[in-house]
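Novice: Okay, so TrEMBL annotates it like this:
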- GLY111, ILE131, GLY132, ASP133, TYR134, VAL135, LEU136: S-adenosyl-L-methionine binding site (BINDING)
- 210-226: compositional bias 'Basic and acidic residues' (COMPBIAS)
- 4-223: domain 'tRNA methyltransferase TRMD/TRM10-type' (DOMAIN)
- 206-242: region 'Disordered' (REGION)
Amino acid sequence: MPFRATILTLYPDMFPGPLGQSIAGRALANGLWSLDAVNIRDSATDRHRTVDDTPAGGGAGMVLRADVVASALDAVADDRPILAMTPRGAPLTQARVRTLAAGPGAVILCGRFEGFDERLFDARAIEQVSIGDYVLSGGEMGALVLLDACVRLVPGVMGAASSGDEESFESGLLEYPHYTRPYEWEGRTIPEVLRSGDHARIAAWRKRKAETDTRLRRPDLWERHSGARVQSPSGARHDDEG
Ligand code: SAH
């Protein structure tokens, strides 16, 4: 059974969008994954096909109705995890992406306006997911990001070599930097070690670069990475590696 994605959205025409191109697009055409975009508005029951209403308690904007979204969801829900895109959700991680990609797929709810009526999350088993600490105008771009990250890991989508675990975040670190020809460009050369043909030295250099770059660019990641490695039996952290 290939990876199946169902998107609930007010803008189904945004799909597959960029996921119809390149690696994801080829895999989609080859049936390695499937994508279904369902219009939430089709689940509205009134003459005007209303999906939203004003926020209880007042304030700007509109809120997606729990009843309308739930009925759209119930019509497609099966054994797949249900994810809702929201800046209030848990930040998406490569680990979560990897688990999702190994599963049957996902049903993804895309918000608009001020977001969803909160009761939706009490009434259904929905995982709230954020793609970062910034606000989008809708969940569709978030869903595209999440699916792009998942689909490239679906078996058969990328060559075995490229889905390797050296990639950024796979080991809790950023990946080492890359270089390619020409050897000299604007007076800058490729690090000599990469031309040495000495695989052990190259591996050691790459590991060191991954570590220093992570430490300098992403102290948050480094903290977690070195914290996980350097734990005394008492649980106290050593400072000498950080
Ligand atoms: N009022 C909300 C933001 C609504 S933005 C708040 O302040 O929390 C409208 C929709 O865009 C959201 O319902 C969600 O589906 C999507 N969205 C916005 N930012 C997002 C993010 N960082 N991650 C995932 N989805 C996001």
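Any Cβ shown, glycine's included, is placed from N, Cα and C.
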Novice: According to DSSP, folded down to helix, strand and coil, what is LEU136 (S-adenosyl-L-methionine binding site)?
Specialist: coil
Novice: Count up the helix, strand and coil residues in the compositional bias 'Basic and acidic residues' (210-226) according to DSSP, in that order.
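Specialist: For the compositional bias 'Basic and acidic residues' (210-226), the helix, strand and coil counts are 16 helix, 0 strand, 1 coil.
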Novice: So which of GLY111, ILE131, ASP133, VAL135, LEU136, listed as binding-site residues, have a Cβ under 6 Å from an atom of ligand 1?
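Specialist: Checked binding-site residues vs ligand 1; flagged GLY111, ILE131, VAL135, LEU136.
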Novice: Using a 10 Å cut-off on CB atoms, tell me which of the binding-site residues ILE131, VAL135, LEU136 is the least crowded.
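Specialist: Minimum Cβ neighbour count within 10 Å, taken over the binding-site residues ILE131, VAL135, LEU136, occurs at VAL135.
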Novice: What count of other C-beta atoms do you get within 10 angstroms of the C-beta of GLY111 (S-adenosyl-L-methionine binding site), across all chains shown?
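Specialist: The answer is 25.
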Novice: Can you tell me the mean pLDDT for the domain 'tRNA methyltransferase TRMD/TRM10-type' (4-223)?
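Specialist: Mean pLDDT across the domain 'tRNA methyltransferase TRMD/TRM10-type' (4-223) comes out at 97.
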Novice: Name the secondary structure element type, per DSSP in three states, that contains ILE131 (S-adenosyl-L-methionine binding site).
Specialist: coil
Novice: Give the sequence-ordered list of residues that share a chain with TYR134 (S-adenosyl-L-methionine binding site), lie 6 or more positions from it, and have CB atoms under 8 Å from its CB.
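Specialist: In sequence order, the residues whose Cβ lies under 8 Å from that of TYR134 (S-adenosyl-L-methionine binding site) (at least 6 apart) are PRO87.
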Novice: Does DSSP put GLY111 (S-adenosyl-L-methionine binding site) in a helix, in a strand, or in coil?
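Specialist: DSSP call for GLY111 (S-adenosyl-L-methionine binding site): coil, neither helix nor strand.
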Novice: Taking the residues the record says bind S-adenosyl-L-methionine (GLY111, ILE131, GLY132, ASP133, TYR134, VAL135, LEU136), how far apart in Å are the two Cα atoms that sit farthest from each other?
Specialist: 16
Novice: Please report the number of other Cβ atoms within 10 Å of the Cβ of GLY132 (S-adenosyl-L-methionine binding site).
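Specialist: I count 11 other Cβ atoms within 10 Å of it.
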